[in-house]
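Worksheet: the structure to be examined is printed underneath.
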Amino acid sequence: MPRKKGAAWEEPSSGNGTARAGPRRRGGPAGRKRERPERCSSSSGGGSSGDEDGPELDGAPGGGKRTARPATAGKAAGAAAIITEPEHTKERVKLEGSKCKGQLLIFGATNWDLIGRKEVPKQQAAYRNLGQNLWGPHRYGCLSGVRVRTVVSGSCAAHSLLITTEGKLWSWGRNEKGQLGHGDTKRVEAPRLIEALSHEAIVLAACGRNHTLALTDTGSVFAFGENKMGQLGLGNQTDAVPSPAQIMYNGQPITKMACGAEFSMLMDCKGNLYSFGCPEYGQLGHNSDGKFIARAQRIEYDCELVPRRVAIFIEKTKDGQILPVPNVVVRDVACGANHTLVLDSQKRVFSWGFGGYGRLGHAEQKDEMVPRLVKLFDFPGRGATQIYAGYTCSFAVSEVGGLFFWGATNTSRESTMYPKAVQDLCGWRIRSLACGKSSIIVAADESTISWGPSPTFGELGYGDHKPKSSTAAQEVKTLDGIFSEQVAMGYSHSLVIARDESEAEKEKLQRLPEYTPRTL
């Protein structure tokens, strides 16, 4: 087996990422816990301090930071321009889901209300002792006979989704904001069909911290969960939307999507990119962080409540000149907690949003308000074919198969300020990669590989009575002989689709322990 040696790591935060405090208008006051203190010493490039606005561009939508505006109670649904395409020019699409087929395996933390927190909130106290840390792969007893083609979670998420081979969407996990789509806010211990979407053929889904998007085979998007920052794209701001609702968008069919902590990105069939939700670090790509001074000197954020097109892509020359990059056709999009990555038709990578720890790959820690070209992938033969975003880091797979990493997974260690090859995985053909808060899991060739710093909660899958963490990439021995079609990772749990086509594969899966969670 080729060398597999480590990467950098991050200590877990006591709260669930960048927890937001209290109800607010539009985007709310800046009195909440922020990512801003993340600015750190780094291996190259300089850190930025204070609030950087990113490039000032002539004719840029939004025009940077706003200094004052009336403290109104948020945009009315009709005030924002809804993307609309005439019916006669709309593409007719029939999207297909993943070709993967297999059984779902889970490992990691399953006490959903405790994930990323010091203790279970009082309102969830009844669930305090439900769930456990699964140190090795388990099968869900309730999914016997259910074949899965896609699993979904997110680096900020304590909930998960699966799409069956029939195109049905199931969900389970934390549900305080209705992000499971079952019409209530009750926690769900094991995968359960979302009845409200049972008549739809779902091909793709995405998880934010407390919200969810689901894409149908006709290119329509349904959203549910928290909507305080407008991240559901429904034209309003509400605490919770527990049942699936179609977003306010009537443009070309959507083909891809991704969720950050409190924002969402969509890509249409023509390669246009749209964003909505929290604009705080510029992650929406509209040349603004949406900040304005409300009454009593409160800082609030002008959230995007419906999808808005990302219109400007730029590159910066060595002498600091800003040049527009024309004719960008988006092919893929990925979101971290507060940053966004895009892959275009020319295999170029753009990144923007929060710049802490070098997660944008521009050799500086400055926030970027519009998509900025990552230079490394803009050379012949050096283009990217896959992109992945972690909580505070980014990955890309080059067209020759090399894995590149930038940012940090352990924020107490040195950051990687620009894309560097991950030597540990040199020579491996990477099929699927996923990031949690600070752990990584990879499906490559016939193996599943994971690594992550202490503390971990079983998401690395090394098994009972084994080391629980590793700063070096290691094969997951508990999955020896099991082919991982796809991997996904939540804040501190992992999901795997294990191929079950041959009798030998089925037999190996049957030997894995079955997990039947306790319920109230």
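Backbone N, Cα and C define each Cβ position, glycine as well.
Cross-referencing 132-139, 172-179, 316-323, 380-387 with Swiss-Prot places the feature region 'Required for interaction with RAC1' at 316-323. Comparing LYS101, LYS122, LYS228, LYS256 with the features listed in Swiss-Prot, the residue bearing the annotation N6-acetyllysine is LYS122. Swiss-Prot records phosphoserine for one of SER49, SER412, namely SER49. Swiss-Prot gives the label phosphoserine to one of SER48, SER469, namely SER48.
Taking LYS90, LYS122, LYS291 as the modified residues under consideration, the smallest Cα distance to LYS375 (N6-acetyllysine) is found for LYS291. A gap of 35 Å separates the Cα atoms of LYS90 (N6-acetyllysine) and LYS291 (N6-acetyllysine).
The modified residues examined here are LYS90, LYS122, LYS291, LYS375; by Cβ neighbour count within 10 Å, the least packed of them is LYS122. The CA atom of LYS122 (N6-acetyllysine) is located 32 Å away from the CA atom of LYS291 (N6-acetyllysine). Counting Cβ pairs closer than 8 Å to the repeat 'RCC1 7' (446-499), the top stretch among 101-163, 219-269, 271-345, 346-399 is 101-163. Mean predicted confidence for the repeat 'RCC1 6' (401-445): the pLDDT average there is 95.
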